[in-house]
Every structure is written in structure tokens, then in C-alpha cells.
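Trainee: The compositional bias 'Polar residues' annotation in Swiss-Prot covers 326-335. Residues or ranges marked as region 'Disordered' by Swiss-Prot: 261-304, 324-360. The transmembrane segment annotation in Swiss-Prot covers 36-56, 59-79, 93-113, 116-136, 145-165, 177-197, 218-238.
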Amino acid sequence: MPGTVATLRFQLLPPEPDDAFWGAPCEQPLERRYEALPALVCIMCCLFGVVYCFFGYRCFKAVLFLTGLLFGSVVIFLLCYRERVLETQLSAGASAGIALGIGLLCGLVAMLVRSVGLFLVGLLLGLLLAAAALLGSAPYYQPGSVWGPLGLLLGGGLLCALLTLRWPRPLTTLATAVTGAALIATAADYFAELLLLARYAVERLRAAPVPPLCWRSWALLALWPLLSLMGVLVQWRVTTERDSHTEVVISRQRRRVQLMRIRQQEERKEKRRKKRPPRALPRGSRAPPRPGPPDPAYRRRPVPIKRFNGDILSPSYIQSFRDRQTGSSLSSFMASPTDADYEYGSRGPLTACSGPPVRV
């Protein structure tokens, strides 16, 4: 019976804090032993945190994609790694591969569907603000069960998500600044305390009793709101001064509405024109005459044929005229002058020709 009670007590109540788990006291220096893969992941988080914190709203599509990727990957990894899938316990590598694939799909959906992306951005903002409230209230408030932190996380996340859908630009700027500052603070926590502050936050969310934080942890925790404030100021004054993704979406919607109205007006005019009956003529009036064929006088005349002075003279007459000029016209006149036809070769007297002259 005492063994059963001890087992139930271990399952229901949070574990006691372990001094070896939390490392050395504040007076002693920490023994830093870094590993390659966690250090690389923290460096990447620091770089993404800088982009998020100071260029979040300008890189709007990239922020939506990364937020969807983060949510999808984390949720699917926890489900696959903690639970049995098809009665099989998956390894960490298989769970990471499945989580990465589904995370990419969630990132694409968040980037393409603007409302989904804004909802996830606001939800992330609410979760981070609730976690910061739990960390800040550690010296004054200790939750009795896990339902208190869980309700605070869900309530803050849904509230910020709805507010982000209502006011996208200011809350997206705030969300990206807070998220980037959290990533930078987490990377600094790894290199300073080997993620001691992150483990403290997890234990606070589980409502487990934890020892008080060291001054190094409080300094890293104070870095978070300071970087968030700097990120908001930089984005408000520099990076988002001329960029407004909301106005772009509204202008596109207005353009589509205007085009739709113009098309509807044209369709209505076309239907009215087709349904309109022909106009009836008044009584006593005649219909206008139809245009007939054009007047023959206005037709184009043919080009007149060109004629020359020698067209009506025969070649024999021209030759006799030339002989007269040379002085032999007398002898040729006494003889029987003949006229050779130019075309048929017939020979006849020139004086015997009676009738109209032949035109050549």
C-alpha cells in the first residue's frame, strides 16, 4: 500500500528540484561543454532572430512561411516522438523527417493564405507573452497545477491571434520583434548557461517547483524585452516606413471590384441593346430610300489611246516624199508608181487607191 501511494504521488505531483540538474550556484563559474549540432542550431536561431527582430514586417512572406514551418515541425515532432505511431515507436531521426515535411507544408499554407499566416503570427506572440509573464512572476507566484499556465497560454495566444487579424501591421511588427528577441536570447542562453533559462521556463510551464534564478539568468531574461523594444523602434522608423502589405492587398481587392463592376455594366448594356425593339416610323412618313448603284457618269473612264502623226501615212508615200527631196522624184513620177502594202506585200498604184486612208 505505501508503494502504491508513492507511485501515485510521483505521477500526479511535479518532481522535486534537482541541484545537479540546475548546475552550479551563482558564485561558481559554469563548466561550458558545447556540442557541434546544438551550437550550429543556436547560431542559426540567432541569425533568424536578427532578421525577425529588425526586418520582420519587410520580409512579410518569409516571416509567414517560417512561422508556419516552426509550428508544424514542433507539433508533429512532439506527436511522433512522444507517442506511438501505428503501434511503432519512431526514432528521433524519423520523427524529425516527418516533422520537417509537414512543417514545410504548413509553411506554404501560411504563406499563401494570408489569414492563416496572420493567425499563427498572433498565436506565437500570445504564447511568448504568456511565457514571459510566467517567468517574470516566478518570485511572487507559484501555480498549483498545470491548468493555470495552460489556460494563460491558450487565452493569451487566441487573444493576440484575433487582434492580429484585426490590426495586422502593428501587431505583426510587435510579434516579429518579440519572436526575434526570444530567439537571440535563447542562443545567448546556450552559450552562457547551456540553456538553463529555457529549462527553467519549461519547468514553470509544468508548474514544478524550481530554485530561484541566478543573476546571469535574470540578465538574459532582461535582454529579451530590451531587444524587443529596439526591434519595434527600428521597424517602425526604418524598415516599415514605406512598406504596407495591407494596402497592397486592399488595392488589389479594389481593382478586382472595379473590374467586376465594369464588366457587369457592359453586360447590362449589351443585354439592353439586344432586347430593345426596332423604332417604329411615325404615320405619314416614308422610309428613307436605300442607296442605289452608283451613277455611270462617275465611273472611271478608260485611258485614251495615244496616236502619232505618221499613223495614217503609208510607207510608200513617205518614201516618195523623201525621193522628191533628193531630186529623183521626177523619174519615179514618170514611171508607174506602186504602193506596196506594208502588211500583205501587195503592189498597186498609189493613185488607184480610193477611199479612206488606212490607219496603221
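Glycine is treated like the rest: Cβ placed from N, Cα and C.
Mind running through what each feature is packed against?
Mentor: Outside the transmembrane segment (93-113) by six or more residues, the chain places 61, 64-74, 76-77, 80-81, 120 with a CB less than 8 A from a CB of the stretch.
Within the chain, the transmembrane segment (116-136) has long-range Cβ neighbours (under 8 A, six or more residues past its boundaries) at 63-65, 67-68, 70-71, 109-110, 143, 149, 152-153, 155-165, 168, 171-172, 174-176, 178-179, 182, 197, 200-201, 204-205, 221, 224-225.
Within the chain, the transmembrane segment (145-165) has long-range Cβ neighbours (under 8 A, six or more residues past its boundaries) at 115, 118-127, 129-131, 133-134, 171-172, 175, 204-207.
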Trainee: Hey, which bits of the same chain come close to the transmembrane segment (177-197), Cβ under 8 Å, at least six residues off its ends?
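Mentor: Tertiary neighbours of the transmembrane segment (177-197) are 22-23, 30, 32-34, 38-39, 42-43, 45-46, 48-54, 56, 67, 124-125, 128-129, 135, 213-214, 216-217, 220-221, 223-232, 235.
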Trainee: What parts of the chain pack near the transmembrane segment (218-238), using Cβ distances under 8 Å and only residues at least 6 beyond its ends?
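Mentor: Residues 52-58, 132, 135-136, 173-174, 176-178, 180-182, 184-185, 188-189, 192-193, 197 contact the transmembrane segment (218-238) from elsewhere in the chain.
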